[in-house]
Every structure is written in C-alpha cells, then in structure tokens.
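Working notes, beginning with the structure itself.
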Amino acid sequence: MTKKVYVKTFGCQMNEYDSDKMVDVLNAAEGLEKTDSPEDADIILFNTCSVREKAQEKVFSDLGRVRELKEAKPDLLIGVGGCVASQEGASIVSRAPYVDLVFGPQTLHRLPQMIDARRTSGRAQVDITFPEIEKFDHLPPARVEGPTAFVSIMEGCSKYCSYCVVPYTRGDEVSRPLDDVLTEVAGLADQGVREVTLLGQNVNAYRGALTAGSSEVADFATLIEYVADIPGIERIRYTTSHPKEFTQRLIDTYAKVPKLVNHLHLPVQHGSDRILMAMKRGYTVLEYKSVIRKLRAIRPDLSLSTDLIVGFPGETEEDFDKMMALVHDMRYDTSFSFIYSPRPGTPAANLHDDTPRDVKLKRLQLVQATIEENVARISQSMVGKVERILVEGPSRKDPNELAGRTENNRVVNFPAPLAAHPRLIGQMIDVKINHAYPHSLRGELVLVSDDASAATH
C-alpha cells in the first residue's frame, strides 16, 4: 500500500512553495503521496510561521490534536518545519515529546535522511542549520498540478526590520544562480505552466550569479526579462518586494515586459515616517509614493496591494491618521493588515507599548473597512468589461464551472460545457464580467484561442 504524507501549511507563499517541495522530496525518496487527511497519513508535517504569535501558538494546538493519532498508530512520524522550528529548535521536542522531526526552511531537503535516522536511532531528529542555497541542489523536479506555479529565487532576509523575526529564522539573503532559476521555470513551462510567481522574502533584492560560481551577477529586472523569454510562460508575478530595493531598472521593466502582470504587492507597513523609522524600514512615505507614482505613469491601471501593521509601539493618533491618508492616496486593492505582535528576540519587542488593545482593534477595523470599500469599488468597476484570465481549474463553488484569475488577481468563475473543461484549463481566455461579489467575480466566456474554441463545440 502506498504510504502517505499530510502537510499543513501556515503563513506565506514561501511556505506554500516549501510544503510542495517537502512532498516532492518524500515522493522521490520514499514514494509517498500527498493526502488531505491526517488520519490517513504515515507522516504528518507542520510547515510553520512565526511572524505573529497567534500563528505560532496554533502550531502547538494542532500538535496536541495529532498526538492522539500517534498514540493509535505508533509508527506515525510527526514533523515540525518552517520558521517556528528554526526559532524554537529542540525545545519543540521538550514541549511535545511525540514530535519526531524538527527542521528549518533550509533543511527540508534532508527530510529522507532525518527520517532514516529517526527510525534507526529511535530519537527525535533536529536540524535547523542554515546551509545557504544547498537545498535547491537536492530538490527533485517539481510535479505540476495546474497552469500556475511558485518558483523560489532566493532565501532569507538581510533587512532586519525591528519587528521581524524572519532574518533570524530564515537567515540572510542568498540568491539562486540565474541559470538554476531559469532551468526550473523552463521545466515548469514544459509541463504546462503558463504563470509563474517568483518568490523571495525580499524578491527584488535578488542578485544571482549567472551560473554557479560565476562572478557576474544578474539583478531582479534581468531575471524577469529572461523568464519572459521562456516559451510557454505568459504571465509573471512576484512577491514579496521591498520599497528600498525598487530600482529604476525594475520600474522600467514594467514598460519593457508585457508579461509582467498589472498587479503589485508592495508592503508599506505604515504611513508615518516616525513609525517607519522605528520599524527600521529604510524609506520614507514620500519615497514609497514616488515609486508608485513612477509605476502608475507606465501602468495607469496598476493594481496595488500592501501589508500594514497597526498599533506599533508608540503609535499616536496622528501617526494613525497618516496611515489612513496613505491608504486613501494609494487606492489599495487588498491589504494584509494586522495588529502588531511582538516577537521574542526582535528589537521592537523591548519598546514601550502604551496603546490600549481596544484602540488598536478600532484602528485595525477602520483600516480594513476602508480597504474593503476600495476592493468593492474596483471590483464593481470591472463589471461590463472583458477581462483576460488564465483558466486554473474547476470552480470551488461549483465544479461544473471553471475559474481563473485576472491580471489584478481577481478570481473569476464562469460557466463552460463540461466536455470543454480539460481543453480550457491552462488557456488564456476572454471573459465578460457580469457580476461582482465580495471576494470574486462572475462572467461569461467571450473569446478563446483556436484550440480552446474547438473544445467548446
């Protein structure tokens, strides 16, 4: 009987990418297949996030729930990976002795060896070292499950923002060689991938050697241009970028590379220069707005999303008003906004925080309500227009329908004959939007490519 692995992912797209690689590694080494049911699994892995306290505590809550599975099935292996693993290390085993494996983001490729060592020695295995880019040299080719894919181009972060734990859990920035990234993207394109999302903690800080060991370096703009030249790739996204690394060369790329989507996630974190300085972000509000102004001069309809932290230590009403002014000015189309969560070991954790919790909550609600209004307004403005979408697969709401995404990252559901589904998935098609919902759009098929058109008849 085929053995199975269950992976639960917390946090960012980097973790989603890493989770897929965990499955690929275990499939290549031991023939394990992915399951969506922890009860059916022979190995259960939690790929964790430590950016916020709530996510970290959720891991231990979930570990407590799978403990019963381990008691019923003693051969079941339980592993904790990701940033909580890097931060907590062996203390995870002390707190939850039934955990067999603890591994960091940079050592997931060592899972087969760790599993062998656990079975041989009977002792929990912990490996949270930072072997830089080694993991990419040991990962098997990706197994594609649709027309979109993530591609990690770098690891770590060297910005050391005062509130952020990522540099301590993922290490400093290390870029993959250019040819290594292009080989992976080309392999994905050969398997039918049409859209790639380039991933990094600060993806636009990419500085990759042209080849392994080469002294010549390619910047992020160069990488995008090369990816755009790969046959089959029709759309390029990236996340997460940093305002400090948004060079003029990268801005110019929006004019030169049509395949670069009309959507950008650029975290600002706050709208007050005083708070940005305390956060050690390395830019001012004016500098951030200057980047957006230049981009919108090239792409007037550029859709912009961001990250916002409310209630950072010392935040005054005046600081918050400046954040709200920025939210209105930038016309954000989605944000990931949260109340500040102090992370142990970061400089900001030692700052005096005298803002009441209920004040922070009210501020967060105001930010989120304002951005939701923006989202609704932008979605409504798309009604009646024809949008180009990449068909990703059956709709989650109705498997008899199909779903895809617009350039500005809106999900569009639309009816299509069942017989046409296999041929339409992976196609770029035109859909007329006829209804806007809070978190998706609905439309009808207008125009498809010749191959897809034949499939609808």
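Cβ coordinates come from backbone N, Cα and C, glycine included.
Going by Swiss-Prot, these are the annotated features:
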DOMAIN    3-120  domain 'MTTase N-terminal'
BINDING   Cys12, Cys49, Cys83  [4Fe-4S] cluster 1 binding site
DOMAIN    143-377  domain 'Radical SAM core'
BINDING   Cys157, Cys161, Cys164  [4Fe-4S] cluster 2 binding site
DOMAIN    380-447  domain 'TRAM'
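Annotated features, which come from Swiss-Prot, shown on the structure.
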| residue | record | Cβ neighbours (10 Å) |
| --- | --- | --- |
| Cys12 | [4Fe-4S] cluster 1 binding site | 19 |
| Cys49 | [4Fe-4S] cluster 1 binding site | 22 |
| Cys83 | [4Fe-4S] cluster 1 binding site | 27 |
| Cys157 | [4Fe-4S] cluster 2 binding site | 23 |
| Cys161 | [4Fe-4S] cluster 2 binding site | 22 |
| Cys164 | [4Fe-4S] cluster 2 binding site | 23 |
Would you mind giving the whole-number mean pLDDT across the domain 'Radical SAM core' (143-377)?
96
With the [4Fe-4S] cluster 2 site defined by Cys157, Cys161, Cys164, which remaining residues of that chain have Cβ atoms positioned within 8 Å of the Cβ centroid?
Lys159, Tyr160, Tyr163, Val165, Val166, Pro167, Gln201
Composition by DSSP (helix, strand, coil) of residues within the domain 'TRAM' (380-447):
10 helix, 35 strand, 23 coil
